Ligand code: GAP
C-alpha cells in the first residue's frame with residue numbers, strides 16, 4: 001500500500017487520468033497553481049457545491065443565497081481592510097531569488113524536526129513562530145530563521161533578505177486604458193459581495209435577525225507559494241455564509257456554527273478523527289475569534305474551513321466609506337444597531353480534495369489463482385459524478401434496446417452513463433475508477449423475466465432485481 005506522499009501523488013495522477021482535474025492550459029506547459037476541472041471533476045464539484053447550498057439555504061429557513069459579481073467597486077477593498085492588511089510576510093533568498101512565505105518556511109523546518117524525532121524542538125519553534133507572527137515582529141522572525149539555520153531549498157544557503165509584506169490581491173483596469181481607467185481588484189473573498197448587499201437582502205426579503213446570506217463563487221489570491229495541487233491555488237472557489245446577529249450574542253453563535261459545520265463534514269461519511277479544530281493565534285484584521293476546521297489530508301492536517309466572528313468590522317467600515325447607513329432596526333428590543341457577523345467559509349476545491357482523498361482506495365483482489373487489484377473511488381452516492389451505469393452484456397440480440405429504455409427512464413432523474421464496449425469486467429473497473437456507485441447489466445435473462453443484475457461498487461456484490469425497481473433503488477441511495 002502507498003505511503004501518504006505516494007498516495008497523494010497517486011490521487012493527483014488518478015484525477016488527471018480519469019478526467020477529474022487537468023493542469024490549466026496544459027498544452028502551453030500549464031499555469032502555476034491554476035487548474036481546470038474535467039468532465040467528471042466538474043460534476044463532482046457541482047454536486048459538492050449543490051449539497052452545501054441545499055444544507056445552508058433549503059435546510060435553514062433563515063438563510064438565503066445570492067450571487068454577487070466578482071468585480072466590485074474598488075472602495076469595497078479599502079473599507080474591508082484588504083488594501084492595507086491583506087498581505088503575507090515574505091522573505092527572499094538572495095542567491096536563488098526564490099521567495100517564501102515566512103510561516104511556510106518555518107513550518108517546513110518544524111516538519112523536518114518532527115520527522116527526525118525532535119518533537120520538543122519542533123513544538124518550541126512552532127510556539128516561537130506563533131508569538132512573533134502575532135506580534136508582527138519581522139526582525140524577530142528573521143532572527144528565528146537565522147538561529148534555526150533554515151536554508152533555501154534551491155540554493156541551500158541562508159542568505160536572506162529582510163522580511164516584507166506582499167499584498168495578495170490581483171488588480172486589473174476597468175474600461176479601456178485610453179479612457180479614464182480605474183484600477184479594480186479581483187475579489188480575494190466572496191464575503192464582501194454579501195456585506196455590500198446586506199440591506200438589499202434584508203429589506204427585500206423582510207429578513208429578521210438572526211439571519212444568514214450564503215454565496216458560492218470564485219475568489220483570487222496571488223499566493224506567492226502556491227503548492228500542493230488544488231490545496232492552494234491562485235483562482236479557487238469559496239462557499240461562504242455570513243450570519244447576521246445581535247451584538248453581544250457572537251460567542252453562542254460562534255459555538256453553534258462550529259458544531260453545525262462539523263456536523264456537515266461528518267455527514268459526508270468521513271470519520272470524526274480525521275477532523276480537528278485549530279484556534280487562530282494571529283487573528284485576521286476583522287475577527288475577534290476564529291478557528292479552522294482541519295482535515296487530515298494525505299499531506300497532513302490542514303485548514304479546510306474557517307469559522308470567524310467578524311464583529312461589526314465590515315458593515316461598520318462600509319457605512320463609514322459609503323456614507324450609507326448599514327443599520328438594522330430590531331423590533332424585539334426596539335433598537336437600531338449595526339449587526340455582528342458570524343462567518344463560515346469553506347473552500348470548494350479543498351472540500352473536493354478532501355472528498356477524493358477519502359474516497360480513493362487501492363484494493364488487492366488477488367486470489368491463489370490470480371493476481372488482481374482495483375482502484376475504486378468510494379464516493380458518497382449523493383456526490384458521485386455518475387449514479388448509474390447501464391451496460392448491455394452484448395451489443396446484439398435486442399439487449400442494447402432494453403438498455404436504452406432504462407437510460408431513457410432514468411436519465412431525467414439522475415446522471416446515467418451508457419456503455420456497450422469491452423468485456424463487462426473492464427467496464428465495471430472503469431466505473432469503479434470514477435466512483436459510479438451502481439451498474440446494471442442487461443443480459444438474455446432480462447428478455448425473459450424483466451430482471452437485471454445490479455452491481456454495488458464498494459462490495460462488488462451482484463443481485464438480480466426487477467427492471468422496474470432500478471430508479472427507485474437508486475433514488476433511495478442518493479436522496
Ligand atoms: N472570507 C473569509 C476568508 O476568505 P480564509 O480563511 O482566507 O477566509 C476561507 O479562506 C477558505 O477558503 C479556506 O479555509 C480555504 O478552504 C479556502 N482557501 C483560501 N485560500 C485558498 C487558496 N489559495 N486555494 C484554495 N482554497 C483556498
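Cβ atoms are placed via backbone N, Cα and C, with glycine included.
Just so you know, TrEMBL annotations never went through curation; they're auto-generated.
Per TrEMBL, the features are:
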BINDING   101, 189, 236, 237, 238, 239, 240, 343, 344, 345, 346, 347  substrate binding site
DOMAIN    144-368  domain 'Aminoacyl-transfer RNA synthetases class-II family profile'
BINDING   221-223, 231-236, 303-304, 347-350  ATP binding site
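The structure, with features from TrEMBL marked on it.
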residue : record                 : DSSP class
101     : substrate binding site : strand
221     : ATP binding site       : coil
232     : ATP binding site       : coil
238     : substrate binding site : strand
304     : ATP binding site       : strand
348     : ATP binding site       : helix
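In this structure, the binding-site residues that sit close to ligand 1, with a C-beta under 6 angstroms from any of its atoms, are 221, 232, chosen from 101, 221, 232, 234, 348. Here the candidates are the binding-site residues 238, 240, 346. The one whose C-alpha lies nearest to that of residue 221 (ATP binding site) is 238. For the binding-site residues shown (101, 232, 234), fewest C-beta neighbours within 10 angstroms: 101. A C-beta separation below 8 Å, combined with a sequence spacing of at least six in one chain, links residue 346 (substrate binding site) to 52, 238, 239, 240, 261, 293, 304, 305, 306.
Applying an 8 A CB threshold to same-chain residues 6+ apart, the list for residue 344 (substrate binding site) reads 240, 241, 243, 257, 260, 261, 305, 306, 307. Taking the Cα atom of each, residue 223 (ATP binding site) and residue 236 (substrate binding site) are about 11 angstrom apart. If you take every residue in the domain 'Aminoacyl-transfer RNA synthetases class-II family profile' (144-368) and average the pLDDT, you get 94. Between the CA atoms of residue 348 (ATP binding site) and residue 101 (substrate binding site) there is a gap of 23 Å, rounded to the nearest whole number. When each of the binding-site residues 223, 240 is scored by how many other Cβ atoms sit within 10 Å of its Cβ, 223 comes out lowest.
Counting every protein chain shown, the Cβ of residue 221 (ATP binding site) has 22 other Cβ atoms within 10 Å.
Residues 101, 189, 236, 237, 238, 239, 240, 343, 344, 345, 346, 347, recorded as contacting substrate, have a largest CA-CA distance of 26 Å.
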